Structure formats: C-alpha cells, structure tokens
Amino acid sequence: MSHEGQEELLDYSDSEEIAVPTTTEVAGADSATDKEADKKGSYVGIHATGFRDFLLKPELLRAIGDCGFEHPSEVQQVCIPQSILGTDVLCQAKSGLGKTAVFVLSTLQQLDPVPGEISTLVICHTRELAYQIRNEYARFSKYMPDVKTEVFYGGTPIKRDIEKLKSKDTCPHIVVATPGRLHALVNEKAIRLSNVKSFVIDECDKVLESIDMRRDVQDIFRATPHQKQVMMFSATLSQEIRPVCKKFMQNPLEIYVDDEAKLTLHGLQQYYIKLEEKEKNRKLSDLLDSLEFNQVIIFVKSTQRANELNKLLCSCNFPSIAVHSGLPQEERIERYRSFKEFNKRICVSTDVFGRGIDIERINLAINYDLPNEADQYLHRVGRAGRFGTKGLAISLVGSKEDEEVLEKIQSRFDVKITEFPEEGVDPSTYMNT
C-alpha cells in the first residue's frame with residue numbers, strides 16, 4: 001500500500017492530519033459524566049468489543065485466550081479492524097495500551113506462510129525491543145506451527161543470520177530486526193525482501209529521528225515491493241516527525257489516541273523527592289526498605305553509575321541486576337531474561353530499558369537520575385503501570401537542572417507531580433490486588 005521511499009525525506013510539504021476519533025472520545029460525547037471520566041484517563045466505552053468481534057483466525061483467538069485477554073485496549077479497538085484489512089497505519093498512543101499486539105495480531109491474521117518467503121518485516125531501534133517483539137510473535141502464533149519468526153540484531157555474528165536465511169527450512173516468515181543489522185544483510189544480498197507484504201516500524205520516532213537509522217530504513221524500504229502495508233507506532237510522535245513517517249505510506253489511517261497534552265499514564269502515581277546528590281543512596285535504601293513492590297526498575301544516566309549503584313545495592317542486601325549498553329550483547333539479553341523471569345526483583349538500568357520494554361511485574365519506577373528530556377521520562381515511568389494497571393513512579397531531584405526538567409515534564413504532559421509524602425504511600429493505591 002505504499003510507494004517507494006524518497007531519497008531525501010527532509011524535503012517534504014506538510015499535509016493536514018486528521019486525528020481519528022477514538023472510542024473513548026465517542027463514548028465521552030454522550031454525557032458530561034462520561035466526558036469527566038474520559039478526562040481522568042478512564043477506559044470509558046472501550047469494553048463493548050471483544051477480540052472475537054474482529055473475526056480473527058481461531059488459532060489467534062485461542063492464543064489470546066491463553067494470555068487471559070478478553071477485551072481489546074483502546075488502541076487495539078481502533079486499530080485492529082483497519083490494520084487487518086491491509087490499511088497503512090500511523091499510531092501514537094501512550095505506553096501500556098498494547099500497541100505491539102496491534103501489529104503482531106494483524107500481521108499474523110494476514111500471514112499465509114510460504115516456505116522460504118519473508119512476509120513481515122518489523123524494525124525497531126534496540127536489540128532488547130527486537131527480542132521482546134519476537135517473544136510476542138511466539139506467544140500469539142503458538143497455535144500456528146508453520147509460522148517461523150527470527151530476530152536479527154548487531155553484536156552477534158552475521159554469518160549465523162546468513163545461514164538461517166539461506167535455507168527454505170530455516171528462513172523465517174517474520175523478521176524482527178534493528179536497522180543496522182538488517183541494512184547489512186540487504187547489502188550482502190543475504191536477505192530476500194521481494195515478498196514482504198507488511199512493513200512495520202515500532203517506536204518509529206526514535207528510528208526515523210536518527211539520520212543514520214533513517215538512511216538505513218530508506219535503503220531497506222526500497223528493497224521491498226512497491227505494494228505493501230506500512231504500519232508505524234510510538235508512544236510519542238511529534239508534529240515534526242509525523243510527515244516524515246507519512247512519506248513511507250499511502251493514505252494512512254492516523255490514530256492519535258491521546259493528544260500530546262494528555263500523554264500521562266492511567267493508574268500511575270507520580271512523585272518527586274528533593275534532596276542533595278550525596279543523599280540519594282540513603283534515600284533509595286529507605287524507599288526500597290519501606291515500599292511494597294513486585295519488581296522495581298531504577299534509572300540512572302550512565303553505564304558507570306549503573307554498575308556502581310548495582311554493586312552498592314548488592315552489598316546492602318538488595319539483590320539487584322544491572323542492564324546497560326556497556327554489556328556484551330549476549331549478557332544483556334541474559335540479564336533482561338533473568339529479570340523478566342523474576343529471578344531478581346530490582347533492576348538498575350540506563351535508558352536502554354526506557355522504551356518499549358515490557359515486563360508485566362514492574363510496578364515501581366525510580367528515577368535515581370532524571371532524564372534530560374521530558375519525552376524520555378514518559379518512556380521510563382511507563383515501565384510501571386502497564387496495560388492500565390496501577391503503578392508508582394518516584395523521581396529524585398538533586399540539582400537545579402533536575403528541577404528544570406521536572407517543570408518541563410509537568411508542562412509537556414499537563415500533569416502535576418507532587419512531593420513524596422513523609423508518611424509514605426498506601427500500597428493499595430499502587431499495588432494490584
């Protein structure tokens with residue numbers, strides 16, 4: 001459904017975008033009460049539809065049932081009916097509303113696996129996210145035994161990828177990859193993309209804002225057929241990047257589930273604690289001692305600080321695990337898997353865990369160091385309170401710069417972040433019963 005990418009995507013003319021009314025907006029139009037509920041981020045009117053109403057394959061419905069999902073989220077209800085028809089989709093929706101399931105389910109619904117043919121291509125900007133998306137495909141295709149999915153990313157031997165792609169027996173129908181590795185495979189003529197029917201970019205703003213990644217994506221895009229479905233998703237999608245995304249598409253369905261002023265997280269309590277830099281370790285120890293949580297992720301600004309804080313926590317009898325870009329690739333994946341499997345309850349991380357990574361048990365996010373950008377705050381704290389569940393986010397504010405970032409966050413997302421109360425927080429307000 002898309003035309004070939006242009007050589008220079010920066011040369012575009014702005015076109016008017018029409019935000020598609022979401023189900024919540026329609027439901028909220030019925031009464032003042034509904035409008036007020038919608039303002040607070042509630043799920044007004046979205047449970048009227050079940051996954052069965054989408055007329056999905058029985059194998060998909062069975063897998064969805066095994067996952068315990070009964071009703072689609074807001075973004076799923078709006079997107080899936082169009083995406084399974086092959087419509088190009090540009091979707092921005094806040095963290096935790098199941099955007100990944102939209103393209104996983106719609107591509108599996110349309111997939112008719114042919115040995116040796118790649119039908120679906122999914123591009124994302126980090127290896128961890130690629131690994132996670134692959135797992136989502138495995139989860140929803142469990143009753144589709146003929147479907148093969150592979151993940152390709154840098155930091156691993158490319159020869160292994162080439163060997164998998166050579167044989168009809170091992171060549172996947174679905175490829176999830178980072179731009180650099182996929183571009184290398186295209187250059188090596190090791191991957192055949194002439195049968196691609198679905199072209200997906202997850203966290204598309206992050207991929208296309210980087211000039212290097214964008215060039216890689218353009219080259220990859222040109223290696224795919226003229227006629228195909230293109231879908232792009234992100235939690236944040238600025239007005240500037242939207243036209244760039246649309247250059248890859250033909251008449252896309254544009255879905256902005258929440259406008260930019262309301263990109264807050266339903267069910268997530270957000271607080272800050274003002275203190276000196278030297279007081280952070282003591283305060284963090286107090287929080288971990290006093291707060292109830294399933295799993296916690298602690299964000300720091302550098303790999304060095306991640307290692308140092310992880311070492312300190314372990315020495316203070318807080319068994320933790322550190323995940324950051326300074327680790328060898330296999331080790332990063334192994335630590336990510338270990339944390340996801342609940343072998344450790346505390347994870348110290350840089351922003352490598354700040355986007356798209358989904359670990360359902362996390363219900364506490366602590367910004368030991370605040371991010372430099374307001375948008376990154378959303379992706380970080382979005383690790384807690386996924387899928388509309390409760391969660392708690394606490395930011396340690398230790399400098400004038402931190403105070404400025406906090407102001408930007410509150411202004412950007414139209415949210416009031418209050419000071420953490422001295423008496424603490426009632427666990428029932430952020431722990432799911």
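Going from the start of the chain as shown, residues are counted 1 onward.
Cβ atoms here come from the backbone N, Cα and C positions, even for glycine.
The motif 'Q motif' (49-77): residue composition by secondary structure is 17 helix, 0 strand, 12 coil, according to DSSP. Annotation comment: Swiss-Prot describes 49-77 as motif 'Q motif'.
For 80-255, the entry in Swiss-Prot reads domain 'Helicase ATP-binding', with the evidence type sequence analysis. As a whole-number mean, the pLDDT of the domain 'Helicase ATP-binding' (80-255) in this prediction is 93.
LYS94 (ATP binding site) is surrounded by 21 other CB atoms, counting those within 10 A of its CB over all protein chains shown. For ALA93, LYS94, SER95, GLY96, LEU97, GLY98, LYS99, THR100, the entry in Swiss-Prot reads ATP binding site, with the evidence type sequence analysis.
Annotation source Swiss-Prot lists motif 'DEAD box' at 202-205. Within the motif 'DEAD box' (202-205), the DSSP-based counts of helix, strand and coil residues read 2 helix, 1 strand, 1 coil.
As annotated by Swiss-Prot, domain 'Helicase C-terminal' applies to 267-428.
With a threshold of 8 Å between CB atoms, the same-chain residues lying at least 6 positions outside the motif 'DEAD box' (202-205) that come near it are 99-100, 103, 122-125, 129, 133, 232-238, 241, 245, 355-356.
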